[in-house]
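Data first, discussion second: the structure below is written as structure tokens.
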Amino acid sequence: MKVSIFSNNGLSSQKVATALQKGLTAAGVPIDSLDPDVVVTVGGDGTLLSAFHHYNDRLDKVRFVGIHTGHLGFYTDWRDYEVQELIDSLAQDNGQSVSYPLLTIQVEYADGTHPDQALALNESTIKKVSGTMVADVYIKDELFESFRGDGLCISTPTGSTAYNKSVGGAVLNPRFNAVQMAEIASINNLVFRTLGSPLIIPADEWIRIEPADPTDNVLMCDQLGIEGRPIKAIMYRIARQRIAFAEYRHTHFWQRVESSFIGRENA
């Protein structure tokens, strides 16, 4: 089994990455950043998101595991003082894993050029550079609503605890193979109406968003921007691919939610 170490540039993360590399070498575990079986990220959830996009053409072959060197994250199960325990688990790896849904994003451009596709681990957002975004929202090719507001957020179950939650979306257990759409500051009055609540879309349905103005839109895939050509439409659905994590220890999803947003000391 080959391991890649993917670290952020923080001093504490670099120290952990160096200790991890030395420990894996001593344990006889090969280090290979080009063709790994397991990618170990050192940092936080942002570092793991970066690693996911770096290796998203190898999702059928690679598993991820995260060491967090800052605050507790949803994707990082190991603390910086548990490096040796993780090395022992990697050395005894037998392929154990857990997988989570991903989001497929297909972008059609107003100039008729070839559509782009991307994968998101957390979410995708569409907003205007400035002013109100106006867009028609279709569910399974049926017009659902005409949206006016700051933007829309479409998230995966694991991404439901990220930006989606901050704009009023529901927290969704990742065992649900579904995507969620949450409105960002929608305009609701006697003239303009939207549903005004999050939507949960099953795996056999899809969301299509058609901006009224194809120009000056900002489309994000996790923390990455998608090329800023005039957009005709964006289609979202559950991806065929899934992300796999090496499951050396199990942390219940709701335990992650509680520890990140509530805290036992407040109980």
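A Cβ is built for glycine as well, from the same backbone N, Cα and C atoms used for every other residue.
Of the residues Q84, Q223, Q241, Q255, Swiss-Prot puts just one in the NAD(+) site with D45, G46, N122, E123, R148, D150, T161, A162, Y163, N164, K165, S166, A185: Q223. Neighbour list (A185 (NAD(+) binding site), Cβ cut-off 8 Å, at least 6 residues apart, same chain): G149, D150, G151, V167. Sequence-distant neighbours of N122 (NAD(+) binding site) (same chain, 6+ apart, CB under 8 A from its CB) are L49, S155, T156, T158, G159, A162, Y163, D222.
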